[in-house]
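Structure first, commentary second.
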């Protein structure tokens with residue numbers, strides 16, 4: 001039997017996934033300081049940016065200095081606050097070849113409606129790197145320029161229900177994590193995954209669950225059922241009001257809409273939520289359910 005031996009490979013060894021691109025580099029010594037910090041999570045498309053922006057305005061209406069940080073490559077978190085898609089931190093860093101010392105605050109911080117300060121962290125190109133690096137660099141830049149010293153509240157608006165170490169990076173800085181959810185199975189299933197991620201992060205960081213924001217839902221029976229089993233509580237409820245959808249289309253927050261009963265109703269709920277968060281939200285010791293248990297709990301009989 002003739003045996004042909006394959007010649008040894010002479011090509012360079014395979015590079016690790018994401019090599020040469022932006023990678024997560026979290027510095028445990030970089031902390032935000034005295035500001036109250038909230039991270040907003042939820043299923044993709046559930047209305048986190050709309051919720052975050054209106055909450056930021058509500059907090060500013062109560063006299064607080066607010067900074068909203070968008071943590072999504074779409075960089076549209078602060079769209080209704082600034083009325084445009086502002087450049088991201090990653091875009092600005094690339095322009096100076098990642099020499100952060102060359103940046104000025106006005107290069108990456110933009111003032112939005114009612115004085116809310118806005119930053120879009122952005123993210124690496126699709127399929128490469130880790131968004132956690134950008135979050136870490138954003139917080140580092142803000143601290144280096146002493147911008148966090150003049151801030152009372154920081155809102156992180158985080159990409160979808162991605163709970164990898166990178167996009168869970170805001171949890172390193174947050175006091176409380178808020179989950180936006182609708183009254184449907186997919187949204188609650190995603191919420192359960194987020195609960196698991198927060199539980200994991202809480203072993204090393206002070207972040208705790210602050211509650212559920214029910215959104216785009218006339219009823220909350222399914223959310224209530226999950227909350228009871230998991231140990232959560234709904235802290236605000238925004239029904240599927242058409243004025244909320246229209247505000248996004250008009251590039252504005254609810255606090256800029258023409259007065260109407262529905263607008264006033266939504267505004268008052270945001271102001272109530274903002275006041276309760278400032279007063280202090282007791283941490284919730286939620287326990288995530290197993291996937292099978294969620295199907296049994298919320299599935300068809």
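Along the chain as shown, the residues are counted starting at 1.
Each residue, glycine too, has its Cβ placed from N, Cα and C.
Annotation source Swiss-Prot lists ATP binding site at 45, 46, 47, 48, 49, 50, 74, 215, 216, 239, 240, 241. All protein chains shown were included, and the count of other CB atoms within 10 Å of the CB of residue 49 (ATP binding site) stands at 23. Mapped onto three states, the DSSP output places residue 49 (ATP binding site) in helix.
Per Swiss-Prot, Mg(2+) binding site is recorded for 49, and the stated evidence type is sequence analysis.
What Swiss-Prot records for 130, 164 is [4Fe-4S] cluster binding site, and it gives sequence analysis as the kind of evidence.
Residues annotated as compositional bias 'Low complexity' in Swiss-Prot: 1-13.
Under the heading region 'Disordered', Swiss-Prot lists 1-21.
Sequence-distant neighbours of residue 240 (ATP binding site) (same chain, six or more apart, CB under 8 Å from its CB) are 216, 217, 218, listed in sequence order. DSSP assigns residue 74 (ATP binding site) to coil in the three-state reduction, placing it in neither a helix nor a strand. For residue 47 (ATP binding site), the same-chain residues that are 6 or more apart in sequence and have a Cβ closer than 8 Å to its Cβ are 180, 215, 216, 238, 244. The least crowded of the binding-site residues 45, 74, 216, judged by other CB atoms within 10 A of its own CB, is 45.
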